[in-house]
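Listed features, source Swiss-Prot:
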REGION    23-195  region 'Disordered'
COMPBIAS  142-159  compositional bias 'Gly residues'
COMPBIAS  165-189  compositional bias 'Polar residues'
BINDING   Cys328, Tyr619  heme b binding site
BINDING   Gln391, Trp500, Tyr501, Glu505, Asn510  L-arginine binding site
REGION    641-661  region 'Calmodulin-binding'
BINDING   957-968, 1100-1110  FAD binding site
Amino acid sequence: MSQHFTSIFENLRFVTIKRSTNAQQQQQQQQQQLQQQQQQLQQQKAQTQQQNSRKIKTQATPTLNGNGLLSGNPNGGGGDSSPSHEVDHPGGAQGAQAAGGLPSSSGTPLRHHKRASISTASPPIRERRGTNTSIVVELDGSGSGSGSGGGGVGVGQGAGCPPSGSCTASGKSSRELSPSPKNQQQPRKMSQDYRSRAGSFMHLDDEGRSLLMRKPMRLKNIEGRPEVYDTLHCKGREILSCSKATCTSSIMNIGNAAVEARKSDLILEHAKDFLEQYFTSIKRTSSTAHETRWKQVRQSIETTGHYQLTETELIYGAKLAWRNSSRCIGRIQWSKLQVFDCRYVTTTSGMFEAICNHIKYATNKGNLRSAITIFPQRTDAKHDYRIWNNQLISYAGYKQADGKIIGDPMNVEFTEVCTKLGWKSKGSEWDILPLVVSANGHDPDYFDYPPELILEVPLTHPKFEWFSDLGLRWYALPAVSSMLFDVGGIQFTATTFSGWYMSTEIGSRNLCDTNRRNMLETVALKMQLDTRTPTSLWKDKAVVEMNIAVLHSYQSRNVTIVDHHTASESFMKHFENESKLRNGCPADWIWIVPPLSGSITPVFHQEMALYYLKPSFEYQDPAWRTHVWKKGRGESKGKKPRRKFNFKQIARAVKFTSKLFGRALSKRIKATVLYATETGKSEQYAKQLCELLGHAFNAQIYCMSDYDISSIEHEALLIVVASTFGNGDPPENGELFSQELYAMRVQESSEHGLQDSSIGSSKSFMKASSRQEFMKLPLQQVKRIDRWDSLRGSTSDTFTEETFGPLSNVRFAVFALGSSAYPNFCAFGQYVDNILGELGGERLLRVAYGDEMCGQEQSFRKWAPEVFKLACETFCLDPEESLSDASLALQNDSLTVNTVRLVPSANKGSLDSSLSKYHNKKVHCCKAKAKPHNLTRLSEGAKTTMLLEICAPGLEYEPGDHVGIFPANRTELVDGLLNRLVGVDNPDEVLQLQLLKEKQTSNGIFKCWEPHDKIPPDTLRNLLARFFDLTTPPSRQLLTLLAGFCEDTADKERLELLVNDSSAYEDWRHWRLPHLLDVLEEFPSCRPPAPLLLAQLTPLQPRFYSISSSPRRVSDEIHLTVAIVKYRCEDGQGDERYGVCSNYLSGLRADDELFMFVRSALGFHLPSDRSRPIILIGPGTGIAPFRSFWQEFQVLSDLDPTAKLPKMWLFFGCRNRDVDLYAEEKAELQKDQILDRVFLALSREQAIPKTYVQDLIEQEFDSLYQLIVQERGHIYVCGDVTMAEHVYQTIRKCIAGKEQKSEAEVETFLLTLRDESRYHEDIFGITLRTAEIHTKSRATARIRMASQP
């Protein structure tokens, strides 16, 4: 990968011609010639404008030739890489000799290629250093071109380069490139603003027509692969440097980027083009965000002359620049580029540390990874940042007095520069050159690398023992460091890009080129080959063995390398992919074809089109040739040399003089934590995880509903904490994220011609995944995946198609929360993990599960440090220093009695506004219409169910929706706590909770008190009653806090036992089901301070109820069907417990206020086609939403008694007839033919066999089958999870028997019902009447917990 970049620079610099001393005189002469030509052409233009302009017909060709385009592109065919092939680089690397090909005896190039030529009306004019000149170019369509064709490619006449700046390679014939003969009658003149290649754009002609050719360019493959049509070249706005009679594409470096700052108008032009590309890539072209961003950029450029790219734009631009690099053979890896944004670095020591971290990350102990580090951008060209090395790692070259060179001949000049700066070398063959960098336009500093940072590979041969005696070696990491990164008009003069080697770059170029190590003849003699005559092919034999040695040496030491055959195949795959995705792939055939094996590689036989796109990587002149030395330093002898710094000195300086800077530098890698939550538990864990990651990363946290999905492709580290709602659904704030992820998956499949007909929607995919996968996998999922398998040994796997996807550069881990009482346990978290993997993401860990039934907190506390450690290892950060602090922070909250307090406040707001802010929801204040009405005839052991009517003016909802009620804790519980807390003087005084926080300023660190960001000012009594969860058994983290405030040693030891013994805690928690007051009474010496306790308590979450009314039946009202929950703990023998919300609602009286919000349940709405049959299945309070359904049809019937209503069957279940809810209403509905049939299942009625709703479904399935299958009816299931699963399995079994289908076919059928929104579920959790299910689920969870390593 790096070959293309690295070699370009090594050999490019070696063959660079020194500047002429009269360069200024030549430039003046060129300008004078230019002015004369302009005058002549203007005269011709005036004559031509008197005639009718003719249009150039393009039906026979996609391009123009003849005098088609001005030559003189300063960078010309310079591209971004050399003919040598360092794979995974935006350009090339180590050497250039194999690029051009030597002439054969017939005068034809030995290397098979054919380039289109460009004709101009005048000799080539090349602009250097950013000079702007206006030129008129005449197109007469008269040029011709020829080229030799090997491998079946013939000579073509009249091949030309198109105005769009493209050049065809590998034998393009004239019939496809020449303009129509009819267009050669009259010259056509075009004016153009000419600039350097690093910043030139095509403009319109005099008639306002675009110069870009719009016709596809046909590219053949001589070996018989499908031909492709390239239209991407139409977007190439840069000018090639070929002339009418000369193709210069085989010249290594036609020109370098200008050193002057780019002008504002040109930056504006580039920025507009780049933003269009960026917003197109995220499918937001012309959106409000696009227009706003363009306005910001334009304003900044007009004000300051430049602008700052966002981090996401920078990452996108870096990847796209690599993708656009026409000379790189390893571009299939373009999306797997790790971008290190170091634009904040302002010193050479900071640059050195960042580069050391780059090398450490990219080397990765031999498992190389592609990466780019980007330093601050160019502003005025007087304060540039530069890396003076052509490669970060290279060997010194010493020229002796007798002309002999020790070391690498390519680096002789730079070695002399280092010596002048004061570097002391050993003078040996394999000295690693120091890093030389300059910051902000200042003179350079040099730094010696720590020896352990550089990985070198001694070269051996699998057959020749004498080979190791040659003492050859090479370094593992090719890292180009002198190219200019050009993106959106902004130029980054200091960037370093690294990938991995292709074997020929080392074996053929670096070691065998005569201008490099020149080992070819030495090896041949050792092999006892006849070197006297070329007919013995001794060179060919020797170079093959040299490449075998290189591959053998790297692979045997598990260092990433790729052979040229694999690289060629990967490029062909990339070429094919790009042709499908972008309708083109810029490619320089001369540089793509490897320097070994030529025509037996597939790339040799592929026609290619050469053109240049932005963003791009550009050549620069060596820094030591352009640097303006301060006070003559570096110009004269005897001056004090620049100071040398070594790694330890820098580390010490950072540690003691700028701890803050060092911390910021180590956190330049962004880590994003996403969460989706229904109760707040996932958010709580996500915040803890974000704090943990913050010890080593730039950690950020987002709720999924607030996250911009377009950013996900550019994340470096993504950690997801996701709850599952109901029976496998995402929480409300995760719905959109799940849909967007699934849309990415569908798009990725369609782009690669794949179709997955088995999964039709994200929800069905979620349930299918969880049903198939979870129960097969033990909870020992917290297991590290061996990432060493990815690139070890033969790296042909590196280029397999399966390793790429839109998220191929994202490392991720998922912690899934849920309850194993549900069949689709943790379905949403598992879905996110599956789909991130399918989109190409790299797992740090397999998905980990947190089971609400048992050990959820224990699982999280075990998983979080592990994922932190692996993340540090992945990004080559040292976890040892921060892991202990991070783990301590995870175990112990940072709040103490000294950092939290309650102070009087006069800012008490209304309860609805306070709850809205606290829960981040719009909360409405409503009133009870009357005292709740009892729906059951009480009998012994019967559970009370009531109908609550609420006045809710202005609240909009649909039948099937839910309402969230914010309850209040019982008064006895609140009063008991107030008596046990320390620091409560007046519980009815309005207080504000404040936290002591540290702030960083230019004057240092200072502390100040700030209000809690969520807990509002209120009385302590109201806070405990309305805002905090006091009834859920306290977590082990809270018990740890309470243990610290026990005065009695025995109480403290018992609490610590619960904290440290997971099994003891789970037994105590599920047996006692203690609320907070119970704990304080069980441990009487524990008296925690009120401020600290409030800061640790979790929010009192809303309780959700299905709405039992239709807004068209009862305007401005909401009806609820509520079961009153009361039970006893300790297997029915302990204290009585009360459901928080149901008992709160049962105590309401007329006009009492209650606080609520509506949550839409789109998946449980009535069908849009009201003619379809409806089957309602819901025992107990599961009937609640169905009342809203039948009320809706009552309204329709009242409005139009003749209207035909759908068939509606109701399956209802209860214990006995005394608790048959809405019995009278149902009877009236049947009478009015709104309910067609009503089935009642009684499970505890005397003298009647025990019957459940699923039993009735099985009995009536023949009729139900007609409704479901033949009439395409809808099934609605509402109730607890156990009932819903039984119903599902019953329908599944009945369909299998009815249609004689396999289990897989039935499962597919039911998933299809979900996809078609014909199988609807509204499921709530385990109810107290299913305690046996609760116990069974918990036992299963404990078994899984015990199986964890």
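Just so it is clear, glycine is given a Cβ too, placed from its N, Cα and C backbone atoms.
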*Ser1109 (FAD binding site) to Cys328 (heme b binding site): how many Å between their Cα atoms?*
66
*Which value does the mean pLDDT take for the region 'Calmodulin-binding' (641-661) in this predicted structure?*
47
_Quick check: of the binding-site residues listed here (Trp500, Glu505, Asn510), which one has the Cα closest to that of Gly960 (FAD binding site)?_
Trp500
*Looking only at Gln391, Trp500, Tyr501, Glu505, Asn510, the residues listed as binding L-arginine, what is the longest Cα to Cα distance in Å?*
15
*asked:* For the C-alpha pair, I'd like the distance in angstrom between Tyr957 (FAD binding site) and Cys328 (heme b binding site), rounded off.
replied: 58
*Inside 10 Å of the Cβ of Glu505 (L-arginine binding site), count up the other Cβ atoms and send me the figure.*
36
*So which of the binding-site residues is most packed in, judged by how many other Cβ atoms lie within 10 Å of its Cβ, out of Trp500, Tyr619, Tyr957, Phe966?*
Trp500
*In the structure shown, with every protein chain counted, which of the binding-site residues Cys328, Val963, Leu1100 has the densest set of Cβ atoms within 10 angstroms of its Cβ?*
Cys328
*Which entry in the list of binding-site residues, Gln391, Tyr501, Asn510, Ser1109, has its Cβ near the fewest other Cβ atoms, using 10 Å as the limit?*
Ser1109
*Show which residues of the chain containing Ser1106 (FAD binding site), separated from it by at least 6 in sequence, have their CB under 8 Å from its CB.*
Gly960, Asp961, His962, Leu1120, Thr1121, Ala1161, Thr1181, Ala1184, Pro1185, Ser1188, Cys1278, Asp1322
*Any same-chain residues 6+ apart from Arg1103 (FAD binding site) with CB under 8 Å of its CB? Would you list them in sequence order, or say none?*
Gly964, Ile965, Pro967, Val1140, Cys1141, Ser1142
*Measure from the Cα of Trp500 (L-arginine binding site) to the Cα of every one of the binding-site residues Tyr619, Val963, Leu1100, then give the nearest.*
Tyr619
_DSSP-derived class (H/G/I helix, E/B strand, else coil) of Trp500 (L-arginine binding site)_ = coil
_Integer Cα-Cα distance in angstrom, Glu505 (L-arginine binding site) to Leu1100 (FAD binding site)_ = 65
*What subset of the binding-site residues Cys328, Tyr619, Val963, Phe966, Leu1100 lies within 10 angstroms of Asn510 (L-arginine binding site) at the C-alpha level?*
none
_Between C-alpha atoms, which of these binding-site residues comes nearest to Cys328 (heme b binding site): Gln391, Tyr501, Leu1100?_
Tyr501
_To the nearest Å, how far is the Cα of Tyr501 (L-arginine binding site) from the Cα of Val963 (FAD binding site)?_
61
_Distance [Cα-Cα, Å, rounded] between Gln391 (L-arginine binding site) and Phe966 (FAD binding site)_ = 63
*Work out how many Å separate Phe966 (FAD binding site) and Tyr619 (heme b binding site) at their Cα atoms, rounded off.*
64
*Using DSSP, would you call Gly960 (FAD binding site) helix, strand or coil?*
coil
*Would you mind reading off the Cα separation of Tyr619 (heme b binding site) from Leu1100 (FAD binding site), to the nearest angstrom?*
61
